[in-house]
4 protein chains.
Amino acid sequence: MAMVCLSDFEDYAKKYLPKIAWDYFAAGADDCTTRDENILAYKRIRFRPRMLRDVSVMDIRTEILGSEISFPVGIAPTGFHQLAWPDGEKSTARAARAMNTCYIASTYSTCTLEEISAAAPGGVRWFQLYIHRNRAASQQLVQRAEALGFQGLVLTADLPYTGKRRDDVRNGFRLPPHMKVKNLERAFEVCKMSPPDHSLLWHVPHERKTTGLDPSVTWNDIYWLQSLTRLPIIIKGILTREDAELAVKHGVQGIIVSNHGGRQLDEGPATIDALVEVVEAVRGRVEVYVDGGIRKGSDVLKALALGAKCVFIGRPALWGLAYKGEEGLQDVLRILQDEFRLSMALAGCASVSEIGQHLVQFSRL
Amino acid sequence: MAMVCLSDFEDYAKKYLPKIAWDYFAAGADDCTTRDENILAYKRIRFRPRMLRDVSVMDIRTEILGSEISFPVGIAPTGFHQLAWPDGEKSTARAARAMNTCYIASTYSTCTLEEISAAAPGGVRWFQLYIHRNRAASQQLVQRAEALGFQGLVLTADLPYTGKRRDDVRNGFRLPPHMKVKNLERAFEVCKMSPPDHSLLWHVPHERKTTGLDPSVTWNDIYWLQSLTRLPIIIKGILTREDAELAVKHGVQGIIVSNHGGRQLDEGPATIDALVEVVEAVRGRVEVYVDGGIRKGSDVLKALALGAKCVFIGRPALWGLAYKGEEGLQDVLRILQDEFRLSMALAGCASVSEIGQHLVQFSRL
Amino acid sequence: MAMVCLSDFEDYAKKYLPKIAWDYFAAGADDCTTRDENILAYKRIRFRPRMLRDVSVMDIRTEILGSEISFPVGIAPTGFHQLAWPDGEKSTARAARAMNTCYIASTYSTCTLEEISAAAPGGVRWFQLYIHRNRAASQQLVQRAEALGFQGLVLTADLPYTGKRRDDVRNGFRLPPHMKVKNLERAFEVCKMSPPDHSLLWHVPHERKTTGLDPSVTWNDIYWLQSLTRLPIIIKGILTREDAELAVKHGVQGIIVSNHGGRQLDEGPATIDALVEVVEAVRGRVEVYVDGGIRKGSDVLKALALGAKCVFIGRPALWGLAYKGEEGLQDVLRILQDEFRLSMALAGCASVSEIGQHLVQFSRL
Amino acid sequence: MAMVCLSDFEDYAKKYLPKIAWDYFAAGADDCTTRDENILAYKRIRFRPRMLRDVSVMDIRTEILGSEISFPVGIAPTGFHQLAWPDGEKSTARAARAMNTCYIASTYSTCTLEEISAAAPGGVRWFQLYIHRNRAASQQLVQRAEALGFQGLVLTADLPYTGKRRDDVRNGFRLPPHMKVKNLERAFEVCKMSPPDHSLLWHVPHERKTTGLDPSVTWNDIYWLQSLTRLPIIIKGILTREDAELAVKHGVQGIIVSNHGGRQLDEGPATIDALVEVVEAVRGRVEVYVDGGIRKGSDVLKALALGAKCVFIGRPALWGLAYKGEEGLQDVLRILQDEFRLSMALAGCASVSEIGQHLVQFSRL
């Protein structure tokens, strides 16, 4: 079977992953409306391609927070990569570095930050944080990440409680016994406190047992994070102009427009629709990124045309891992890169700086 | 089979109820367009969730007409609960009280008001009235309900004649011989008049036989009801701003925006769409509620964001009864409660008072 | 099988009619988009029903051009009723009279006008005319109709050539040898001219053989018709405000908004959409009717709310004939009548005069 | 099987062509959204037909760049006609001449321009050019076309690189060994340079091997072409008002609004939608044509109503060739001609000059 486009990797993963793992990665909250809308919303955007421009020399590089990456597609934070490939996040880190792009490692990694760093020294890497009720554990994680050379701290804002993903409940999803949420284990160990039961992490109704995450986090905790680290702070999960304004006001360096892949509040906006609102509110004061629903190079072009500095892929990265680990993820990134370059050329842009809102319009449909 | 969301109960009921009962509960008028639109219309409303608010302590209680209920979901009036579960409305009353919410008992109950009261003393309960040609029978019912401690009188305004529900006609729907519309039987007995043939109640074309209901009822009859009882009057079945204005003018205490589950005039508005118009007209002068199409906790959140004080569920309550009687209905209510609380938290609201129109927008689709 | 709604008759006809006859009646032009849109467009109109009006006494009668009919639904002109039932148009005439409504007999009847008149003396009846190249034959038809007591002359304006109905071409549709287009045969006989080959009438591409119809007819021919007869002239096939204005200016007494059941130009407007434009242009100066897509009593209510004085049904009448001849057509009309009366009552109207545009709104979908 | 409409030819071709050839002709870029939108967009346009106009004498002729053609439908440039029929482009040329319409021969023909000319002397014919990195080869082609009596030069502007057509990649599409891109072979021979590997032309990812086409072409190259030839220049592939304005400014004689049949940048506008924008910008200064999605005579009428002087068909011409070569293509053209004439008549237009924007409106759907 030829791997021609990202849905080929999706088909492969659906066929070869254990059902419980596939379901976990594929899950959306409730009716999965928002998960699917993330993709459908891209279809409602039409290009206005320009002709007869010199596109013989294409430059698709960009910079995020000062780091050059080979093209504006990074790896979004997702948990439990060992469910997709034995080497887990180590493979992810290697693939991202090989393709010279940014990888955001999740708090819920099945490898430690140290293992991730060692696997691919020198890569562009950010660390994604959930704030725990046990603040000492979170502080420990932030400071470890900074010490290991991670270049950004991504605070996830949309998970005070875990969304209701019906298939995970039906499956009684839990990590297999040989996998661990290693970062948290060490963090709690260092703090000499007992951690929550991570094996149960995702399938418990939010009130009966606890994930250990702190649902009382507010904007003031941005100041607390700033007091812990000199890393730039990127806030992930913003969907409205009001929150974008608050993010800027609280001094973050970047915003990731995200609805957690449609896994948290169902029936919120598609991220590409929310991007427009956020970009308008931010007025260039901080960098804005987007994740959710990216399946083709032309989706990347649309996101950039609407003001994103870079996009991040979640599930497609996991499909790539499931296919062939590091090599499979490189395949996914390479296909996106080729498609993005071709889309740019066919739209009449030879470099990322030529991409602008004039390239797109919203369809009446 | 795990009961994870309301559609699991629907699947169960469809499988285990007698076809004639399932069809009766599921029926919509004519092409069932409005019945289905009630659900689809919720899908066209998108949340605008807010992040980083302290949602560690959640308060989902509310009040309706001065009575506190545990969360803003009550049981809409529906007929013939013995078709779903042997104990019929007694089970419904017990489940509602156990969950500390409001139950609107129907004129067409298969238990008497006295049995319902005795089954769950102290519960928040309203009585739903159809006005009969025989006004003495209706008066008797109203006064019995008041004497039994029902706290509200719900006048159904949208059934001068019964809507055309094709499946009921095809099935020749009638109550099994061992079930009775007990309230009416007693009311007519007390009045020493012969009641209409209730066993035929629902399947007869509206002109050939009669349901006994009075199609000449007008707004002036609100004054008549007010002369009979000191109970607050809630009018059910309002869909336009004009009628909302008239309701307020005639001194009702509440309005239930309803299209009778799509069982009366097909191709009227979805109730969640009509709610917007009614709330705008009412301008807070009376409480506004809505029923029809509620299938998830997030639907409740949307209705409240658009101005409803509380929602009522019809068919889902019957599915719960069909599953396990009182216990099954509690399961349904508990799932809705958990989902509602989670939706609120993920949208950034810690209490019902924080819910407002800013949380939603209508999708372009 | 219970005959509960009009689609039951459709299913019956599809099952029991010869395929070639079913295909002929069902045919739409080209992709059948307009045929289907006629129905879909009704779905996009939503009622705004009013409550608590006295609907105990319902009056659904109306008048068209001064004749009272029992409810605002007549029989549209369609050809070849013997394809549906052996007695053909004689049965149609009897059913229409029995139900006290108007029947528009087609030029392409398989019974003569004389037979139709004799079958149901005293019925409200109009005659539908196509103008032939042989004007003498057309004149003869008009004058026969007037002499026989037909009360209106309906000029079809949308068939200078026959639309392309793919199934008829594939089937090589032609009338069976024992059926004749009797009116035309006699008309040409009287004129001592040889008629076109009616057996081939409908399946020939428009340029190779001719239907005998005159594609040079213009508005001036209205004056010619007025010189031939004192019957009121109703023009059928108008879809734009410009043509509605011309119709009024040329002195017609009525307009039937029609797209010939979607059998002529595909991808014109649905008739219920065009009705709005025509009614606006006419400003009450002449009566406006509509045909196409009426399948339920509530469709009739919508058409009246948007300004139609009466609607006409085409295919549903043929399904009724196919079911049981005169009796089957009465069943169809009775169902529509019951549904229309019920819809009116549920919308809060006790008589046709209370129906108005305030009852409907166009859905956003 | 009767060939009644164009989709009958499509069905035939799909059934009888080798899969690799069918896939190549049918292919769209990426998700094929734009390919399919080209067709769907026509469905969203509704006619406003006018009645009672004299349409007894129909004149459907038009002129493009001064040449009269029998009706406003020409043959768009498509490659590799021998994949559809052994005689390839010679059959196409003969059919176009027989029907007295215009044929645009592609650079990627499998017959030489000389063979095409000789097959149908005297036909209205334009030559479609891709500009090669090897400018001498392109110059040679242009001058050969002019010398052979081609009357127009069509510059394709939307293919700096080949779009990603997934099926071609999966199939490893290449020309069978016995077919050649003959024009290019000769052009490169004359220039004494080695040509690119045409057998591999279409299936290679754009960066690894090259088609030989020049991605540095800009508007200035229009001046270069004007210096080579006195033929009128038509630019093909324009989709925006900005590029339409540039085309006029650079002195082209015509614009073909085209998205290359949806084979280049996916998710650009449907051509019929882009036509409106381009016609508005051009304001009659040059002729505007459109291709893509034409499947019925009424589509032609819509395009003309929206300002196109003529339309061109791509895939339908190939289906005609696949059916019966020259004869099959004539069948396709004749059906379109009959349908176009009938649509005009039913819309009330007796000649092409009566077609205007008043005939159409965009549907709300």
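Note that Cβ sites are derived from N, Cα and C of the backbone, with glycine treated the same way.
A helical conformation is recorded for D:His260 (active site, proton acceptor) in the three-state DSSP classification. Among the features that TrEMBL reports, active site, proton acceptor is placed at D:His260.
For D:Tyr24 (glyoxylate binding site), the number of other Cβ atoms no farther than 10 Å from its own Cβ, over all displayed protein chains, is 25. Feature annotation from TrEMBL assigns glyoxylate binding site to D:Tyr24, D:Arg165, D:His260, D:Arg263.
The Cβ of D:Gly292 (FMN binding site) has D:Asn38, D:Ser258, D:Asn259, D:Gly261, D:Gly262, D:Ala270, D:Thr271, D:Ile272, D:Gly314 as same-chain neighbours under 8 Å, each 6 or more residues away in sequence. The annotation FMN binding site is assigned in TrEMBL to D:77-79, D:Ser106, D:Gln128, D:Tyr130, D:Thr156, D:Lys236, D:Ser258, D:291-295, D:314-315.
Under the heading domain 'FMN hydroxy acid dehydrogenase', TrEMBL lists D:1-365.
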Residue pair D:Gly79 (FMN binding site), D:Arg165 (glyoxylate binding site) - Cα distance, angstrom, rounded: 15
Under 8 Å by Cβ from D:Ile294 (FMN binding site), counting only residues of that chain that are 6 or more apart: D:Tyr42, D:Val73, D:Val300, D:Ala303, D:Val311, D:Phe312, D:Ile313, D:Pro316, D:Leu336
Nearest of the recorded positions (D:Tyr24, D:Arg165, D:His260, D:Arg263) to D:Pro77 (FMN binding site) - Cα to Cα: D:His260
Entries of D:Tyr24, D:Arg165, D:Arg263 which, being binding-site residues, have CA atoms within 10 angstroms of D:Thr156 (FMN binding site): none
Count of other CB atoms lying within 10 Å of the CB belonging to D:Gln128 (FMN binding site): 25
Integer Å distance between the CA atoms belonging to D:Gln128 (FMN binding site) and D:Arg263 (glyoxylate binding site): 17
Distance [Cα-Cα, Å, rounded] between D:Tyr24 (glyoxylate binding site) and D:His260 (active site, proton acceptor): 13
Cα-Cα distance maximum in Å, computed over every pair in D:Tyr24, D:Arg165, D:His260, D:Arg263 that the record assigns to glyoxylate: 13
Number of Cβ atoms other than its own within 10 Å, given for D:Pro77 (FMN binding site): 26
PLDDT averaged over the residues of the domain 'FMN hydroxy acid dehydrogenase' (D:1-365): 93
For D:His260 (active site, proton acceptor), nearby residues of its own chain (Cβ under 8 Å, 6 or more apart in sequence): D:Thr156, D:Asp158, D:Leu159, D:Gly163, D:Gly237
Pairwise CA distance, D:Arg165 (glyoxylate binding site) versus D:Gln128 (FMN binding site), rounded so that it is a whole Å: 21
